[in-house]
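A.B. asks: This is the structure, below, for whatever I ask next.
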Amino acid sequence: MEKRLVNFRLSVELINKLEELSRQTGKNKTELIEEAIKCLIETHSQTDKQIQLLEEQNKQLMNVLKGFQIALQSKDELLEEKDKRIQELKEIVELLKQNQSQEKKKSFWKFWK
């Protein structure tokens, strides 16, 4: 692979750490900088892939959430209908009780009417 000379500035602290790492590993500064740049590029690439994956999962979760919202709305409408029907039935029962109590109040001799 062809290599080119690149000049750039680093902080004194970073240069000292680079030189120390070079002594510890036995690698020259160029090798260490190349490894660091490759690692950064790979990490960035993986991060992009992870972001894409998370965005796709987010879309899927939003679709599931919409489905749950629709189901919940349908359930709420059904409960509302049931509540109305229960109220209607309660009113009918109350009317029947009133009619029954009125029939009980009839005189004995009017029971067959």
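Cβ atoms here come from the backbone N, Cα and C positions, even for glycine.
Caution: TrEMBL annotation is automatic and unverified by curators.
Quick paste from TrEMBL:
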type: DOMAIN; residues: 6-44; note: domain 'Predicted DNA-binding protein ribbon-helix-helix'
type: COILED; residues: 15-106; note: coiled coil
A.B. asks: Please indicate, using numbers and ranges, the residues of the same chain that are 6 or more beyond the domain 'Predicted DNA-binding protein ribbon-helix-helix' (6-44) and have a C-beta under 8 Å from a C-beta there.
C.D. replies: none
A.B. asks: Determine the mean pLDDT over the domain 'Predicted DNA-binding protein ribbon-helix-helix' (6-44), rounding to the nearest whole number.
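C.D. replies: A mean pLDDT of 95 is what the predicted model shows over the domain 'Predicted DNA-binding protein ribbon-helix-helix' (6-44).
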